[in-house]
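Engineer: What TrEMBL lists as region 'Disordered' is 1-39, 190-212. Sequence annotations record features per position, and here TrEMBL assigns compositional bias 'Basic residues' to 1-24. The domain 'Band 3 cytoplasmic' feature in TrEMBL is assigned to 61-350. Positions annotated as compositional bias 'Basic and acidic residues' by TrEMBL: 190-199. The annotation compositional bias 'Polar residues' is assigned in TrEMBL to 200-212. Taken from TrEMBL, the feature domain 'Bicarbonate transporter-like transmembrane' applies to 397-956. What TrEMBL lists as transmembrane segment is 426-448, 460-483, 503-527, 539-557, 641-659, 679-697, 727-746, 767-791, 827-846, 853-872, 904-935.
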């Protein structure tokens, strides 16, 4: 009997005997040898079960497990009561019976697992039962019990009566008002959040459309004809259940007329929608029934918990679907017992509930075949996000890579617009529009100062809008955001100084250089030079991305500090002297030539001007001078502006960060939290603008050009590449163009590599060659029109990608939402730059945005982009004792001193890059970024390939190495074919199929190959 006094210490031996009893006499000698070897351990048996071909009836689905209990005594009206449920983690009905517990990791007693195994050995196991109702299921179970045990009629009636009792679920409470019902009907229509049954065409069927009259079998689901009462359905919980999920019902309890337990494990085929049995209307696939004598209720409860918990195990769950006999289920339990961890009773309190982990460990290693010594075979770790895909393979044809990029992206083109129909895209567009506007205008202002207004803010806005629109429409990776870069500004300053010194036309020479640069970039596209990107590993990416993020943070703080020049702090002020402070306009002591010319042009007689009575704006217009103790460096100022700007700056950063993490808070419904998180930065900017307007302190505002025309009247929108310059400047321009080409190529491709990393789970592919082509074409257009050059902006692009992250809407209680990928589309980038071009006509609105708020957004973007960069995680390890260090995977496989050495090298490179970026030699910055690739190559001498595979990406191997691997694989395939020929008819057809199929069963081939060798007597020496 399952609950009798018997020892289960040798449960494996027992299971093996049971398997031997069940083996048919007609089994051939070859099959016996294969089974004896392949099924020697529960793990190997499970691997064999999971490797069998799947049919439509035995495809594993997600499972929802419910534990119901009954206590049926004479004279009492009993009912089944829901006591616990599992989607991923256990939830219990609290003792008060009014609420569910927080999800927690189920802790089981080892004894209850042994008792469960004993129940499956001695109880009824009915696989692929065909039944349409709980009545039919009960009759078939009781018929099976009568065949193998003495079950009299009165006991049968009593047990059947117990099985057919009403089920009471936790969500069924008396409703005194209609609000919850109205809410339920409102939520039923939510398309992607609600769980669904699936019809044979894969279309979803909502609870309202469940069949109510006829029995139908669709896609392995048999829907009972009883209607679903929506008032009894927990529709809020249904949103947590994945589409196509099935139910596993565990029914345990006490029946006073029983003198021994009745146990049954049932797998229905097809799954049946049993109305009222399960808390939510999904079809039932499994039932586990344990009814026994009164007095052992707690023991039955623990066995039921064990059954429900083991059904949530990834491996046993698949075994339960594919099991063909009782032995398969026992092997699944034995394999589960091999993996469990036992805690000593004196060192752990079982009543303590373990919080669900943030990251659930993968169970793939349990599916991996063993090797002869009993250990698990180790597979070389996959490179972490390397760039060795087909998009970076050299084709050997002119524009071959570009053609492949177009073929790869063309099928997805229209979906890039359809996939943008989401509020998340609207939030991303509004946030990044504000984030992109300020640097473009700032860059234009700096460029205007450096070039004496030849290229300024209006040119920068126009160029950014035109280039961004073209790139968003036709580029390969539209998630990349284009922007201005520091090295480009340095190059423009040097070029303007050179032209001024040698009396050359700056815009004409710049146009020649830009056209040569565009031509050279197109040559790089034609020769598949983008394939060199595969040499840019995580080492280079992280150094470059970290530098750009730090620059964003540094410049945001620096711009805030620079406000002190215009709005200084009046330190050590004395209130007693407050009445003596003044700031007046006076005649300038030493007027410069520009001022004198202004007075002459406007016929101003300075002696007739009453300077003391002029307003601030009039004094500035007349080029007067401010004097007095209340004047700052640039005239009168409000003392509160700097401190108010600091408040705006830090409040913007803190509020943006807080609202972005609001999705994981415990307040408000999920949909509200998600929407607040998506619109976090836009809500912050809007809030801060309103507060600034209400407070009324004159903080510096965003200045946008209000007229669409060139900054200087002596230039137009089309630039002659030769102009007044000598003809030879056209040829000489190729020399600086070479440097510009390296600058554009490195900036563009490193950012593209970061965006296209495998961690982002992009599904539509990338287009390095197509991206570079679009940048080259627009660079040439901007050169002809006298507009700034734009290339991929690292931080803006990373922020764009982060704002479009997709997470699973349907996650089990206690389970962290799974990262699904990025919402890949073109609309957000397109709308950002379209609206940027229209900004000239929106100055009435944009003038209310305070600059400190935008500086705060820059700080947020810089800090948020640092998250997930492994370099900073490793940097923190220097100050941590070993016992307090996080459990990073690379710390398990790489010595700590090697981790620190790798980090120090990366930090040294970062400091050098920063030094060059901040020095007058900043124009060679792209060359130094390129040098990082060679530094990483030299590191192969200091680190082993295994260490680098954990800390970085492996550098591409030589072609010879790939050919050697291909030959080795072909040799192994040939060896397998020879063994199959040698074996002849010794091997079952199923094993031959598993071995020869090239697809999904490859993970189980090593086990079968081992079986073949040992049966045929092929040893390592013979081979």
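Glycine too: its Cβ is placed from the backbone N, Cα and C atoms.
Predicted, not measured: the structure shown is a model, and the values here were computed from it.
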Engineer: Under 8 Å, at least 3 Cβ pairs, sequence separation 6 or more: does that hold for the transmembrane segment (426-448) versus the transmembrane segment (853-872)?
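Structural biologist: Between the transmembrane segment (426-448) and the transmembrane segment (853-872), contact is present.
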Engineer: State the residues, same chain only, that lie 6 or more residues beyond the ends of the transmembrane segment (827-846) and have a CB under 8 A from a CB inside it; answer 'none' if no residue qualifies.
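Structural biologist: Hits for the transmembrane segment (827-846): 416-417, 420, 425, 428-429, 432-433, 436-437, 440, 458, 461-462, 464-469, 471-473, 478-481, 702, 704-708, 800, 804.
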Engineer: By Cβ distance under 8 Å, which residues at least 6 away from the ends of the transmembrane segment (904-935) in the same chain are close to it?
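Structural biologist: That would be 486-487, 490-491, 494, 535-536, 539-540, 542-544, 546-547, 550-551, 739, 742-743, 745-747, 750, 871, 875.
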Engineer: Which of 503-527, 539-557, 641-659, 767-791 has the most Cβ pairs closer than 8 Å to the transmembrane segment (727-746)?
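Structural biologist: Ranked by Cβ pairs under 8 Å, first place goes to 503-527.
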Engineer: Between the stretches 460-483, 503-527, 539-557, 641-659, 679-697, which one has more Cβ pairs under 8 Å with the transmembrane segment (767-791) than any other?
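Structural biologist: Stretch with maximum Cβ contacts: 460-483.
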Engineer: May I ask for the residues of the chain that lie six or more residues beyond the transmembrane segment (679-697) and have a Cβ under 8 Å from a Cβ within it?
Structural biologist: 423, 427, 430-431, 434-435, 638, 640-641, 644, 648, 651-652, 655-656, 659-660, 662, 848-850, 853, 856-857, 860
Engineer: Using a Cβ distance cut-off of under 8 Å, indicate which of 460-483, 503-527, 539-557, 853-872 has the most pairs with the transmembrane segment (641-659).
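Structural biologist: Top-ranked stretch among 460-483, 503-527, 539-557, 853-872: 853-872.
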Engineer: Below 8 angstroms Cβ to Cβ, which residues of this chain, lying six or more residues outside the transmembrane segment (460-483), approach it?
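Structural biologist: For the transmembrane segment (460-483), the sequence-distant neighbours (Cβ-Cβ under 8 Å, at least 6 residues beyond its ends) are 405, 408-409, 416, 432, 436, 439-441, 443-444, 447, 704-705, 708, 751-752, 755-756, 765-771, 774-775, 777-778, 781-782, 785, 787-793, 796-797, 799-801, 804, 822, 824-826, 829-830, 832-834, 836-837, 839-840.
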Engineer: Are there residues at least six beyond either end of the transmembrane segment (503-527) with Cβ under 8 Å to its Cβ atoms? List them, or say none.
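Structural biologist: Same-chain contacts beyond the ends: 398-399, 401-402, 451, 454-455, 492, 495-496, 715, 719-725, 729-730, 733-734, 736-738, 740-741, 744-745, 769, 772-773, 775-777, 779-780, 782-784, 786, 789.
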Engineer: So if I exclude everything within five residues of the ends of the transmembrane segment (853-872), which remaining residues of that chain have a CB under 8 angstroms from its CBs? That is, six or more out.
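Structural biologist: Those are 434-435, 437-439, 538, 542-543, 545-546, 548-553, 555-557, 559-560, 648-653, 656-657, 660, 681, 684-685, 688-689, 692, 702, 759, 794-796, 798-799, 802, 903, 906-907, 910, in sequence order.
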